[in-house]
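Chemist: Take a look at this one; I'll ask things after.
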Number of protein chains: 2
Amino acid sequence: MSQQSASSSLSSPLPLRCGNIEETPTTPPLSDYHAIDQQLLQKITYDALVWSSLHGLVVGDKSIERSGSVPGVGMVHAPFTLLPASFPESHWRQACELAPIFNELVDRVSLDAKFLQDSLSRTKKVDEFTSRLLDIHSKMLEINKKEEIRLGLHRSDYMLDEQTKSLLQIELNTISSSFAGFSGLVAELHKNVILRNYLHVGILFFRNILSHYGKLLGLDSKRIPANSACSQFVEALGKAWCEYNDPRAVVMFVVQAEERNMYDQHLLSFALRERYHVMSIRKTLAEIDQEGELLPDGTLSVDGQAIAVVYFRAGYTPLDYPSESEWRARLLMEKSSAIKCPSISYHLVGTKKIQQELAKPNVLERYLENKEDVAKLRECFAGLWSLDESDITKKAIERPELFVMKPQREGGGNNIYGDAVRQTLLKLQKAKSEEDAAYILMQRIFPTMFETFFMRSGCCHKNQAISELGIFGTYLRNKDKVIINEQSGYLMRTKISSSDEGGVAAGFAALDSVYMT
Amino acid sequence: MSQQSASSSLSSPLPLRCGNIEETPTTPPLSDYHAIDQQLLQKITYDALVWSSLHGLVVGDKSIERSGSVPGVGMVHAPFTLLPASFPESHWRQACELAPIFNELVDRVSLDAKFLQDSLSRTKKVDEFTSRLLDIHSKMLEINKKEEIRLGLHRSDYMLDEQTKSLLQIELNTISSSFAGFSGLVAELHKNVILRNYLHVGILFFRNILSHYGKLLGLDSKRIPANSACSQFVEALGKAWCEYNDPRAVVMFVVQAEERNMYDQHLLSFALRERYHVMSIRKTLAEIDQEGELLPDGTLSVDGQAIAVVYFRAGYTPLDYPSESEWRARLLMEKSSAIKCPSISYHLVGTKKIQQELAKPNVLERYLENKEDVAKLRECFAGLWSLDESDITKKAIERPELFVMKPQREGGGNNIYGDAVRQTLLKLQKAKSEEDAAYILMQRIFPTMFETFFMRSGCCHKNQAISELGIFGTYLRNKDKVIINEQSGYLMRTKISSSDEGGVAAGFAALDSVYMT
């Protein structure tokens, strides 16, 4: 796996949708902007809170009942950073460039049913959730179900490894990629904060109290790439709806019963109505089981309503399937002619086991002809191994700090770090069960730590932080015709980092944007 | 007082800023649209709640601490009606046409210091608040303080009397006219609800379940006048700032320490920054007392910051002056060269006593030369009397249901209705004190009751309701030059009406918009 920096080969601007970045030869890094005047900080903080409230950058407040089920009540601003996070322009462009290649890869791999079944055969034995997904996949194979219209709304997440200065993929989300709605708002918010700051600073300047303004004056809002994730996701959903070609049908958002992140979703459904006059409904898996039926022509009907596109914003975690009811709903949808975003195949391609299998030598080549594309993808792959590779397992027991153990289970919080890696590996070796198939090993990535201002519950806190860059990708094809294959905006997320854990992120993550350096 | 309908003389469209109303000969009234399909209602309700959340139509939730002081926390949608309120186009145009005349009247009366002092001399003895305002007014007269730049952001409130079919003025607000920010959002929301409704209805139509859709299909979003109150208020504040002509100076919003309606204000300050690059600060009267000073050249400086415009969103009620500190702040501002919105004179012109004095025969004529203007204003005056008019007092004791007693005190909730009018009048007659000067008597207006859907705390309730139309007016002059004199959007407010009280509004009011019939 090459970890050579891509900056040299990408020094000229690429024709990507990464926003309009002017070529500025010397942009100062942002790491120093925290020597900021306290009065100025207060003003910027207040303005940012106002901005988020007036622009719908809100979530349901956990402490308030109904805030996850009824819109308009119990709202609080979404957590965000006050200022954008530095990111090298070359790595940013590298990440953007990967999106259409990953889109294509997902589509091709999804068609290789044998690869999916074989790769996941051991995982299936020890992971109930994967097993159920594979069962649905098998049933579709049995009835020879074809998905002619395929819609992918993906997000590939990366970190920048500090030591090697390389962009490394954390995971590829093929289901329920969130924050396409909010991420553009945060970029706008940060542009606004920077522009407003100049007005505040101008006033402070007049008042001769600008002695401690720090580096904030050096910020250039043009270096925050425009983020069109929302409109591009909506475009993909709208065009998929067109391809389905039934004016009576609607888009169905499959949602959790309690969803405090509903406004990120509402931004999409609102834009879908405004721009494409496409209506959407929101249903839980349980509701779909109760109200759904398959019409003789294959149409999915829910509560008497024909469904053109099934857009999953739930169903990615075992927690979303508390009973057989939810699995029946999933199967029903899969059997229908509705466009599934994602189909069961697309969902499986996004599993960690497949991510690890694709990183093996000569696997990518089976799906992508273009050698440059293959090289580009491989460059972003971190070290990925299954636990049956004994030399790696041995090394991980010796140097657990260099590895992460990732269970197949979705959700992030289940990863194993540090000495727990050694202990878990030893336990699995003793047990000699198939339980090891529930995990993969991944090279530990150490991103750069930096200080930033976190805005949460109306308060501003300065903390050590690490960032993760997600690049959205949209893909739509109908039979042989690729209708959309694009990089579609980005999501920057910044997490409070406790140095005790050597850079491991705590649970809390704030929405951020990219500041190109 | 003529109560003849103005519709005949206003049948041709006027060149007013009432939005683009197409001439549709037969528009059905809205009173019937409540036989609406329940499923459709649920969808519209949900969409409206989402819309309000995504567009900043929010307030602080009373039940949540910090929601009145910190933006971005404890938000809930502002109360609004789901659908707009019918209003005859002729009366709507009549109300719009009055705005510039009232603007001019306020300005002229404000210059007649003797009229203000004389008219309020008896009120002064019994109303402490009016007395303190008059003291400041007197002090300004003593130092011969002139306000060369005068800014008025007024709102004249009307009801449509059902019996006489006449538009009658309730009151004229010259201080802290609220909801210029939100009223435009509600008009947009209602247009959106109507447009969205067609999409929902379209789907229901396809599904053949449209048997009970009611009259909603007949609604035409173009009959909701565009409402530019926010941008016009901001324009007036921005232009006033320009007239003050000090690039270092800012606009100061005088606010209450706890303000759950802060987002209505933030919409103005946000637009002021975005469109005019004019910064604003928010200060309470107590803070102004602590941080404010008068520089030798007359400049008002607060926390070291020069103030160009003082925009009051507090200070209209005695509750805002809990100590001498707040009165000192008010006096300090009045003595300064900052543009006051309103000046002490403008504030006094908006008192109920002055409203009643202006309604006396031959008073308007002293301020307005144009006889047509005088006639137009007089046409909207309800019966207004002071309590020393013994024949009226006698009549009110006999027929209290035809009158409202209004104390000078601001706030609305203090009005006296029904048998309490008789009892209060008899008590005042017995006491033979000057206490009667604290009240005026006003003709009781009986607006049309109708059913509407109230949206509050995420729930939809159908209730009997009455509406009140406020017309915003902006006025700016510098010496002899009138820079702005315009009608500037509107505020429709609809209140739950308990029929027990014969049409008296309960405290709860929802934001609404006008549907022209």
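Along the chain as shown, residues are numbered 1 onward.
Cβ atoms are placed via backbone N, Cα and C, with glycine included.
Take a look at what TrEMBL says about it:
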type	residues	note
BINDING	A:Arg155, A:175-178, A:259-261, A:Gln265, A:313-316, A:Arg493, A:504-505	substrate binding site
BINDING	A:Glu171, A:Lys352, A:406-415, A:Tyr417, A:442-445, A:Glu468, A:Lys495, A:Glu501	ATP binding site
BINDING	A:Glu171, A:Asn173, A:Glu410	Mg(2+) binding site
COMPBIAS	A:1-16	compositional bias 'Low complexity'
DOMAIN	A:249-349	domain 'Glutathione synthase substrate-binding'
REGION	A:1-29	region 'Disordered'
Chemist: Compare the C-alpha of A:Arg155 (substrate binding site) with the C-alpha of each of the binding-site residues A:Glu171, A:Pro407, A:Tyr417, A:Lys495, and give the closest one.
Modeler: A:Glu171
Chemist: Relative to the Cβ position of A:Lys495 (ATP binding site), how many further Cβ atoms are located within 10 Å?
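Modeler: Its Cβ has 22 other Cβ atoms within 10 Å.
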Chemist: Report the same-chain neighbours of A:Ser176 (substrate binding site): residues 6+ apart in sequence with Cβ closer than 8 Å to its Cβ, ordered by sequence.
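Modeler: Within the chain, A:Ser176 (substrate binding site) has Cβ neighbours under 8 Å at A:Phe312, A:Arg313, A:Ala314, A:Gly315, A:Tyr316.
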Chemist: Sort the residues of the domain 'Glutathione synthase substrate-binding' (A:249-349) into helix, strand and coil with DSSP and give the three counts.
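Modeler: Taking each residue of the domain 'Glutathione synthase substrate-binding' (A:249-349) in turn, the totals are 43 helix, 26 strand, 32 coil.
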Chemist: According to DSSP, which kind of secondary structure is A:Lys495 (ATP binding site) found in, if we only use helix, strand and coil?
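Modeler: SS state of A:Lys495 (ATP binding site) = strand.
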Chemist: Using a Cβ-Cβ cut-off under 8 angstroms and a sequence gap of six or more, which residues of the chain neighbour A:Arg444 (ATP binding site)?
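Modeler: A:Glu401, A:Leu402, A:Phe403, A:Val404, A:Tyr417 - these are the non-local Cβ neighbours of A:Arg444 (ATP binding site), listed in sequence order.
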Chemist: What kind of secondary structure is A:Pro407 (ATP binding site) part of, going by DSSP in three states?
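Modeler: Once the DSSP labels are grouped into three classes, A:Pro407 (ATP binding site) ends up as strand.
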Chemist: I need the least crowded one of these binding-site residues (A:Asn173, A:Ser178, A:Gln265), counting other C-beta atoms within 10 angstroms of each C-beta.
Modeler: A:Ser178
Chemist: What is the separation, in Å, between the Cα atoms of A:Lys495 (ATP binding site) and A:Asn173 (Mg(2+) binding site)?
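Modeler: Each residue's Cα considered, A:Lys495 (ATP binding site) and A:Asn173 (Mg(2+) binding site) end up 19 Å apart.
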Chemist: Please report the Cα separation of A:Ser178 (substrate binding site) and A:Glu171 (ATP binding site) in Å, rounded to an integer.
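Modeler: That separation, Cα to Cα, works out to 14 Å.
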Chemist: Calculate the distance in Å between the alpha carbons (Cα) of A:Gln265 (substrate binding site) and A:Glu171 (ATP binding site), and round it to a whole number.
Modeler: 22
Chemist: Can you tell me the CA-to-CA distance separating A:Pro407 (ATP binding site) and A:Arg260 (substrate binding site), as a whole number of Å?
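Modeler: Cα-Cα, rounded: 26 Å.
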Chemist: Pop the Cα-Cα gap between A:Arg260 (substrate binding site) and A:Asn173 (Mg(2+) binding site) into the table, whole Å please.
Modeler: 20
Chemist: Using Cβ-Cβ distances, find the residues under 8 Å from A:Arg260 (substrate binding site) that belong to the same chain and are at least 6 apart in sequence, listing them in sequence order.
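Modeler: Correct list: A:Val59, A:Gly60, A:Asp61, A:Lys62, A:Ser67, A:Gly68.
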Chemist: Hey, what's the Cβ neighbour count for A:Ala314 (substrate binding site) at 10 Å?
Modeler: 21
Chemist: Tell me, by DSSP, whether A:Arg155 (substrate binding site) is helix, strand or coil?
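Modeler: It is in a strand.
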Chemist: So, in DSSP terms, is A:Arg444 (ATP binding site) helix, strand, or coil?
Modeler: coil
Chemist: Would you count the other CB atoms within 10 A of the CB of A:Glu171 (ATP binding site), including those on all shown protein chains?
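Modeler: 19, counting other Cβ atoms within 10 Å of A:Glu171 (ATP binding site).
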Chemist: Identify which of the binding-site residues A:Tyr316, A:Tyr417 has its Cβ surrounded by the largest number of other Cβ atoms within 10 Å, counting every protein chain shown.
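Modeler: Per the Cβ count, the most surrounded site is A:Tyr316.
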